[in-house]
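Chemist: My structure is below; once you've seen it, I'll send some questions.
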Amino acid sequence: MVIERIKHLASPLQDWVFTPSPKVMFDRQLIWIALGLMLTGLVMVASASFPISTRLTGQPFHFMMRHMLFVFLALSISSIVLRIELNKWLKYSSHLLLISLLLLAAVLVVGKSVNGAARWLPLGIFNLQPAEVAKLSLFVFIAGYLVRRHGEVRDSFRGFVKPLLVLITLAFFLLMQPDLGTTVVMFVTTIAMLFIAGAKLWQFIALVMGGISLVIVLILAEPYRMRRVTSFLDPWQDPFGSGYQLTQSLMAFGRGSWFGEGLGNSIQKLEYLPEAHTDFVFAVIAEELGFVGVCLVLCLIFALVFKALLIGRKCLAHDQRFGGFLAFGIGIWFAFQTLVNVGAAAGIVPTKGLTLPLISYGGSSLIIMSVAVSLLIRIDHECRVYLANEPPRSENEEQK
């Protein structure tokens, strides 16, 4: 009797796990990948933040407990977002962008300043970073614009320029904080989405060259950015000054070797490496889990990116353009931000202050990226429902 009761209670979970993928109306693998990354992030934040948490608060697991709260908020908000139909996102994409602009303007007036950058709005439980909201809002808006003005983007320069004006407006507010890293992520993702939508190659090349030129000017205009570039080119020239963070990160990579020092055994996190639990958590992963652990984490992230690109291609192939463009945008965003974060930790690119998706400590980043994953799941779900309800094609149509 008890066994039958247990089987009855477990049957929904059994169906969820063992039902063949073609019959399921959502991507289970995508959920497991995202949860795996979030669990990895929780473990690594607990390990990397232990020393600084003890010094600042007297509680060794202070940042871990806050990160657990962020994970709970992220999963709760994502479960709500998952129920919102895509046509609602398309309909209110302009409103979402306007809210982001207002938040970016507000942070310049009443924002909390950390290390000379005013990027956060204090909300009690956590500090909201409007730049993270602006990323997702922009990509949703661009996807909606590409649906409404697809022909104009492909055929006229005017249609190509309009979304760039929105990007320039957001970039202005971001650079006032200042936040060049988020601006670069938005720029790269936007031009990639326009290119996928059919923008002309010469427009794409001209925009890339213009963007590179602008970044160079912005670097030369600010001494602290120039110091980051020079320290990136030769960090050992000033290992206790401008090159300190990068040299400590490189030492973490060197200590990790193939299999790492073991979970919790990092030396660099003992307040030698600044931002060990946030922007440079990947260096702690490299030191504690080694080359093998680094490869496993990167495989998880790029599996998520690959899933996003597959979902985008499937949607576009079946004329689900809003979901398709948005899925491509999310995939490119995750991929580029990962490359920049990992590249900064490994000394391949200058430090940009970007988080490692779903892993680094930070409430705004974790919540917004979790919402992005839930959007991917929703996009895939609606595409599967559309294909399930699509009338079978006739033999004549298949021959054509």
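Glycine is no exception: its Cβ is also placed from the backbone N, Cα and C atoms.
Per Swiss-Prot, topological domain 'Cytoplasmic' is recorded for 1-29, 82-95, 144-155, 312-321, 378-400. Here Swiss-Prot flags 51-60, 117-122, 222-290, 343-356 as topological domain 'Periplasmic', drawing on sequence analysis. Marked as transmembrane segment by Swiss-Prot: 30-50, 61-81, 96-116, 123-143, 156-176, 179-199, 201-221, 291-311, 322-342, 357-377.
Help me understand the surroundings of these features in the structure.
Modeler: Summarised as a single figure, the pLDDT of the topological domain 'Cytoplasmic' (1-29) averages 57.
Distant neighbours of the topological domain 'Cytoplasmic' (82-95): 137, 140-141, 143-145, 147, 322-323, 326, 374-375, 377-379, 382; these residues of the same chain sit at least 6 beyond its ends, with a Cβ under 8 Å from one of its Cβ atoms.
Proximity of distant same-chain residues to the topological domain 'Cytoplasmic' (144-155), defined by a Cβ-Cβ separation under 8 Å and at least 6 residues beyond the stretch ends, is recorded for 89-90, 93-94, 162-163, 193-194, 197-200, 321-322, 325.
Under 8 Å from some Cβ of the topological domain 'Cytoplasmic' (312-321) lie the Cβ atoms of residues 146-147, 150, 196, 327-328, 331, 379-380, 382-383, 386-387, 390, all in the same chain and six or more residues away from its ends.
Within its own chain, the topological domain 'Periplasmic' (343-356) is flanked in space by residues 41, 179-182, 184-185, 225, 228-229, 232, 235, 245-246, 249-250, 253, 278-283, 286, 301, 337, 362, 365, which lie at least six positions past its ends and keep a Cβ under 8 Å from the stretch.
Long-range Cβ contacts of the transmembrane segment (96-116) within its own chain (Cβ-Cβ under 8 Å, at least 6 residues beyond either end) map to 89, 122, 127-128, 130-131, 133-134, 137-138, 140-141, 166, 169-170, 173-174, 176-177.
Long-range contacts of the transmembrane segment (123-143) within the same chain, counting only residues at least 6 positions beyond its ends with a Cβ under 8 Å from a Cβ of the stretch, are 66, 69-70, 73, 89-90, 93-94, 96-97, 99-101, 103-104, 106-107, 112, 163, 166-167, 170, 174, 177, 179, 182, 185-186, 189-190, 193-194, 322, 325-326, 329-330, 333, 362-365, 367-368, 371-372.
Long-range neighbours of the transmembrane segment (156-176) within the same chain, counting only residues 6 or more positions beyond its ends whose Cβ lies under 8 Å from a Cβ of the stretch, are 97, 100-101, 104-105, 108, 131, 134, 138, 141-142, 145, 149, 182-183, 186-187, 190, 194, 199-200, 203, 207, 218.
Outside the transmembrane segment (179-199), and at least 6 residues removed from its termini, the chain residues within Cβ reach (under 8 Å) are 117, 119, 131-132, 134-135, 138-139, 142-143, 146, 150, 153-154, 160, 163-164, 167, 170-171, 207-208, 211, 215, 218, 225, 312, 325, 328-329, 332-333, 336-337, 340, 352-354.
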Chemist: When you look at the transmembrane segment (291-311) alongside the transmembrane segment (61-81), do they share 3+ Cβ pairs under 8 Å, ignoring any pair fewer than 6 residues apart in sequence?
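Modeler: Answer no, regions not in contact.
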